[in-house]
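**Q** I grabbed these lines from Swiss-Prot:
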TOPO_DOM  1-6  topological domain 'Lumenal'
TOPO_DOM  28-56  topological domain 'Cytoplasmic'
TOPO_DOM  78-94  topological domain 'Lumenal'
TOPO_DOM  116-362  topological domain 'Cytoplasmic'
TRANSMEM  7-27  transmembrane segment
TRANSMEM  57-77  transmembrane segment
TRANSMEM  95-115  transmembrane segment
ZN_FING   285-350  zinc finger
Amino acid sequence: MDSPEVTFTLAYLVFAVCFVFTPNEFHAAGLTVQNLLSGWLGSEDAAFVPFHLRRTAATLLCHSLLPLGYYVGMCLAASEKRLHALSQAPEAWRLFLLLAVTLPSIACILIYYWSRDRWACHPLARTLALYALPQSGWQAVASSVNTEFRRIDKFATGAPGARVIVTDTWVMKVTTYRVHVAQQQDVHLTVTESRQHELSPDSNLPVQLLTIRVASTNPAVQAFDIWLNSTEYGELCEKLRAPIRRAAHVVIHQSLGDLFLETFASLVEVNPAYSVPSSQELEACIGCMQTRASVKLVKTCQEAATGECQQCYCRPMWCLTCMGKWFASRQDPLRPDTWLASRVPCPTCRARFCILDVCTVR
């Protein structure tokens, strides 16, 4: 392929991926379906359900048009291929055009089916209909959802493609093509998994993401998973009526201090171990008096007199958890991004040390 064709292909691929997954830069620039079609979609705050009925349909149609947009662009970027003349276009490009036309055609048929009887066939409307009283329809349930969404005390978090919204009555997950809805009184919530990420793109700090399974007692309501930062777990529990069950292997860190202690321990584990002389007996940690002392401060600089760290001559007196809590207590709470690289004084002799100087004893 020649240079213009390659350049356009790469540029369009990047645009298509960003348009579908919408990073923060695209949101800031207004290059989203919600912003481009805001006049037709209306306001989410004013009418949550009607907004997402139209948004999911518009998103499906716009995304299905991306292959056709690529073909039209290639007609201009690679004019020598004569793609605009179907009879002269290569066989592979004609097959691609067939696919590019088929996708939006199927999307249009599906959207038409959804919109029948005032959107009664839409998956969101059909889910709401499961909660409707015999003498009312799904519109009455939608009105209740709209009212609760407008309240300022709702719980809302997550990225635009996987938002989690909890109101007084409803648990909802808003994705690119669908809105999952379940009634609080009918659901069982279970924390099934926790994943530790070393760095958060927003704060350069470790972050723990929880996977919570939302399963309704009504078999007709499809179960779904929501993803949540562990620091928001407590706020979610306050909004829910029922307790959240937890799998046996899942440990939840609800505070920044919990996350730091786990990271602190993992970093200390890779430091060189300190061998305790056979004549020395380890005593109980003077911080908690519950476990034996398990760490020793050893300056790791090659030259003992150089660097900001200082040699500590104290015997092992602290356990790993208490030393981590001491380290965290000496940090600036407004600058958590500096915690791992900082130096603090020894709790006993005040010699300054960093995380690299904390060694486990053996």
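Each residue, glycine too, has its Cβ placed from N, Cα and C.
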**Q** When secondary structure is assigned with DSSP, how many helix, strand and coil residues does the zinc finger (285-350) contain?
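**A** Secondary-structure composition of the zinc finger (285-350): 13 helix, 7 strand, 46 coil.
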**Q** Counting only residues 6 or more past its boundaries, what in the same chain has a CB within less than 8 Å of a CB in the topological domain 'Cytoplasmic' (28-56)?
**A** 18-19, 22, 62, 114, 119, 122, 124-125, 128, 142, 145-146, 149-150, 160, 174, 176-179
**Q** If you average per-residue pLDDT over the topological domain 'Lumenal' (1-6), what number do you get?
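**A** Across the topological domain 'Lumenal' (1-6), the average pLDDT comes out at 72.
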